[in-house]
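Asks: Have a look at this one before I ask anything.
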């Protein structure tokens, strides 16, 4: 029976139950079990379309299975379960409900066989991720949530325009490999890239995620951008424009993370950086590259959530969000520190971590295709990841100066979630053969070759040296960095003010002119129609009779002549 | 004795020792290239110490770039609140 059911239903049911149940213990049981049931259902879905439907005469493929779809759904379900373990004790009920709907949207996208079904789940994600942002509960979260919602609804509209266009042009809504060649396909690509936080609108991610609650940002880090990667894999493998877009994202993330002071915003920028690697891989589009993108997404969700958990515990325990306010926390938070460091090593693709066994596949794909510039830029970016996330995050949060803060370590449930993900980072680093069979194509790749390991150790350790030598330059300042969103956060309001000021003389001149025009028209009407005007004043009966006689005479004359 | 306020990891002697260990590790990763050849796929990446130099200088470059862009992009943290 399960091979026909959309796995997302398990999470939707879980979300509804969480909404209804008032006992906290029962609720915790639901939020943790629902993703596990969902995980079971995911693995019952065979390849191919298994559930069809129709909407307004359009044929829908509600559930379609394939290895890459199951892979993404699997990590989303694992993420939802582990996130629930992390969150259930502290998160508000609204956040737990929203997070489950959000995960349901992501898993729904994984199995959507047509673009209309994909779109519905896509919007479900947009809707409930906004609620997760709002659960941050602060004024900043409210404002960032509104900007986030506008961006995603706009992205949804762009995507929908593309889908309609494709339907009109080709008569099919089937999800299949496309290339961005005409208006509709470009709209679809742009709609997906907005969710991937591609330029020029990357700012929505770093704007919204750090304002969510400590547990909310863990959920947010996982779903939206990686669903976009899956959509790119399914719809635009080998689209050359993605290589350039991805490389831009990679370096954008590094530079902005280097400038950033907010702990979780550093991690948010590094999501853009990591997703950039995956976008490049989809752009390369070979079997090795797609395997790399999928494997990297899988590993990335784990270590990025781990980093956000570690940062979340710090934010929760200290109430501080800025690097300049914390430091030296390793003394009293050893577990959070060790888990954070493992996440940091994994994101830097250190040998023996999941980052090394997955991200290097992307470099290998660039090498196989002799994309020299791409290969060297990715290598430089790998060094940059170690710089901005691998060392910077743990150094400024857990070491650096002694801030004098002596917070308690993570609560037991958060510890379980972190240790589980930290363990997975190392497990997949040592036994990549656990992950490789799940990838979309047969894997012909040996991650551990002596020469390559040595090359990466040189690359990473010397970027570490650069960090400590340039430490005076890396010290954080109490600043934010402008992004393209300045255009609508400051530029548009300023433009409105300026145009109002400039047009004031013009408008008042126009108003005066209109006033005098209306006034003179009024006067002339009053003069003719008023009680003294020729048409308005009263006439004597004799004069009136004379006029009538005159008019009748003229009528008779005209009638005779015609 | 180690207390949170005087942790062994923060003592100057420990930090000096960590710099020594770090330096030896760095030297070792480069020196090992004599024993373990790195197969360069584009020629230049097989050179002796290429990974070390490339990692170091690309980081320096990125920090410089960030510093320069920072001059242009950095604003006080209440910039959008006012």
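Glycine is no exception: its Cβ is also placed from the backbone N, Cα and C atoms.
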Asks: Between the candidate ranges A:32-51, A:132-151, A:152-171, A:372-391, where does TrEMBL place the transmembrane segment annotation?
Replies: A:372-391
Asks: Among A:101-122, A:328-352, A:453-471, point out the range having the most Cβ pairs under 8 angstroms from the transmembrane segment (A:71-89).
Replies: A:101-122
Asks: Looking only at the recorded stretches A:101-122, A:217-235, A:241-259, A:297-316, which one has the largest tally of CB-CB distances under 8 Å to the transmembrane segment (A:412-431)?
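Replies: Between the stretches A:101-122, A:217-235, A:241-259, A:297-316, A:297-316 has the largest tally.
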Asks: Other than its close neighbours in sequence, what residues sit by the transmembrane segment (A:241-259), given a CB gap under 8 Å and a spacing of at least six beyond its ends?
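Replies: Distant Cβ neighbours of the transmembrane segment (A:241-259) are 180, 189, 193, 196-199, 202, 206, 232, 266, 269-284, 371, 374, 377-378, 381, 384-385, 387-389, 392, 474, 479, 481, 483.
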Asks: For the transmembrane segment (A:297-316), what are the same-chain contacts with Cβ under 8 Å, counting residues 6+ beyond its ends?
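Replies: Sequence-remote neighbours of the transmembrane segment (A:297-316) are 71-72, 74-76, 78-79, 82-83, 86, 90, 213-215, 217-218, 221-222, 226, 229-230, 263-264, 267, 270-271, 274-275, 278, 326, 329, 333, 336-337, 339-340, 342-344, 346-347, 353-355, 357-359, 389, 393, 397, 407, 409-410, 414, 417-418, 421-422, 424-425, 428, 435, 438.
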